Amino acid sequence: MLDKKVAELINEQINKELYSAYLYWDFANFYADEGLDGFRNWYEVQAKEERDHAIMMRAYLIDSGVRVTFGKIDKPDVKLKEFMDPLKAGLEHERYVTSLITAIYEAASEAKDYKTMQFLDWFVKEQGEEEKNAEDLVKKMKLFGGDAKGLYMLDQELAARTYVPSTNLPANA
Ligand code: FEO
């Protein structure tokens, strides 16, 4: 049986992960409208990964005998005007998510819930990668996004990102 507080935090995190997917689909909508299909693709792949994080957490709770409950998913509230706006907002958002995962990890540690700590190890690593990816995007945009040719090349690069389902996903996801 999971610690009650830890289970509640993971349940809440499912909502945050689904919000993350909403947010990144919203970014993809913005870029689609601007004709930047590579950027659009990059965030569509990212949104699928966020959805998968929610699936993994839901499965973990259910497999641990916890009744999962859903709350309302907020509307994405980031104002998007410049091409850089989603990239900066994405970085900020990933830093926020890292703080949430850390808080769950700390609660699990406090409750001596080693099973959940092990489950969360994957997410701790994933957050490190996601923050790095978001930082790299901001850097590349600063370097190359200032002129049409650079932006075109960057868009081509981001078009190459493909979705790879995590090996941690439940078999029937
Ligand atoms: Fe599921 Fe981008 O954190």
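From the backbone N, Cα and C atoms, a Cβ is placed for every residue, glycine too.
Taken from TrEMBL, the feature Fe cation binding site applies to GLU17, GLU50, HIS53, GLU94, GLN127. What TrEMBL records for 1-145 is domain 'Ferritin-like diiron'.
Taking the features listed in TrEMBL, we show where each one sits on the structure.
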residue	record	Cβ neighbours (10 Å)
GLU17	Fe cation binding site	24
GLU50	Fe cation binding site	21
HIS53	Fe cation binding site	26
GLU94	Fe cation binding site	21
GLN127	Fe cation binding site	20
Its residues classified by DSSP, the domain 'Ferritin-like diiron' (1-145) shows 116 helix, 0 strand, 29 coil
Same-chain shell around Fe cation excluding GLU17, GLU50, HIS53, GLU94, GLN127, C-beta within 8 angstroms of the CB centroid, reads LYS16, SER20, GLU49, VAL97, ILE101, PHE123, GLU126, GLU130
